[in-house]
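Down below is the structure, laid out as structure tokens.
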Amino acid sequence: MATINSNYLKLKAGYLFPEIARRVQAFAAANPDANIIRLGIGDVTEPLPLACREAMIKAVEEMGDRSSFKGYGPEQGYAWLREKIAVHDFQARGCEISADEIFISDGSKCDTGNILDIFGDNNSIAVTDPVYPVYVDTNVMAGHTGEANDRGEYEGLIYLPITAENNFTAQIPAEKVDLIYLCFPNNPTGATATKEHLTAWVNYARANGSIIFFDAAYEAFITDASLPHSIYEIEGARQCAIEFRSFSKNAGFTGTRCALTVVPQSLTAKAADGSDVQLWKLWNRRQSTKFNGVSYIVQRGAEAVYSPEGQAQVEELVKFYLQNATIIREKLTAAGLEVHGGVNAPYVWVKTPQGLSSWDFFDKLLHTCNVVGTPGSGFGAAGEGYFRLSAFNSRANVEAAMERIISKFPG
């Protein structure tokens, strides 16, 4: 008899964003005339940069000619894209990262889950609370946890609270942890990390033989020159960190799909016999076996991000969304609400008014304002009483949503 992976049965209810979609769909069906503004899931709204579109159109035409047609590409990504990423995103910031340490993929969400394939089942794992749900759920699916308690916390995971009291940056744990998930600029709180903060984590990881999974999906939104964009700006990070990045939010690739994972050649972890094993070799083997690479057409679009025209167009996209974040932050702050994030990040983290729970505020916002956000409790127990609003929408929708919220929830 066939059996299932019973770890899936441990997962709490539905994944956060499908549950949001279910509630919104039910409301929309009952209220077909409602003009719903979605500031929930972090999906972009503005068109792809012209440079990327033109590059992909050219690539499509190449696929129509036998002499320039491309079939299977390298599982790791084409060298011309990896080289541009290495030069522009890392070496330009003083990071010692080479092209062959960069693996192109179809999304950071996939990579942050798939990376667990190359690690053992007996690692201790730390996540912040609140946290991007994928980090937790993929560990549950892989059998790295026990059951969840009433607060949604899984046995076997080490939760590091991030709160207003610690500026939404986790404290270094007292105990030894093997795998550590960090995300800066942070999803969902919009918090950022200083070089000093990341240096403390790198020092901890090196002292304890830990590996940091560093999610830098929102690094393009950093405007403060003093803040690091990459964990590899910190001395010693090549010996303890894997970094994930994406073209989704800076270049609008949410529907086009292109991302990257950096695994330094110098990064190792222990085998069962105590010997050091190069993680680059394991990840390369994993990708070569389970992944056929990103479309040639999409990679040409991603390459165009690094052209002078592409750089200018991406910068304008990022500025547009950051201005949306500023509008959300300033409008809600002026109305008397407690607001965090929205600076150097596209997410605004709002304290729910009137003592409402996160999901109660979600429902009230949907039903009274026809605005969709994301309940903070969906990101973890420490997110209860908070709410995430995304800057990824049109200017008109953001401004209209703020007017609706302020009129119904004045401080």
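Cβ from N, Cα, C; glycine included.
Note that the structure is predicted; figures quoted are calculated from it, not measured.
In sequence order, Asn187, Lys249, Pro346, Tyr347, Ser390, Phe392 constitute the residues six or more apart from Gly42 (substrate binding site) in its chain with CB-CB distances below 8 Å. Summarising the annotation, Swiss-Prot assigns substrate binding site to Tyr15, Gly42, Lys109, Tyr132, Asn187, Asn292, Arg388 and lists sequence analysis as the type of evidence.
The pyridoxal 5'-phosphate binding site annotation in Swiss-Prot covers Tyr72, Ser108, Lys109, Tyr132, Asn187, Tyr218, Ser246, Phe247, Ser248, Arg257, Asn292. A coil conformation is recorded for Tyr72 (pyridoxal 5'-phosphate binding site) in the three-state DSSP classification, outside any helix or strand. Sequence-distant contacts of Tyr72 (pyridoxal 5'-phosphate binding site), defined by Cβ-Cβ distance under 8 angstroms and a gap of at least six in the same chain, are Asn292, Gly293.
The N6-(pyridoxal phosphate)lysine annotation in Swiss-Prot covers Lys249, and the record cites sequence analysis as its basis.
In this structure, Asn292 is the one among the binding-site residues Asn187, Ser246, Asn292 with the smallest number of other Cβ atoms inside 10 Å of its Cβ. In the three-state DSSP classification, Ser246 (pyridoxal 5'-phosphate binding site) falls within a strand. Applying an 8 A CB threshold to same-chain residues 6+ apart, the list for Ser248 (pyridoxal 5'-phosphate binding site) reads Val44, Gly107, Ser108, Ala217, Thr254, Arg257, Cys258, Ala259. For Tyr132 (substrate binding site), the same-chain residues that are 6 or more apart in sequence and have a Cβ closer than 8 Å to its Cβ are Thr112, Cys183, Asn187, Pro188, Asp215, Phe379.
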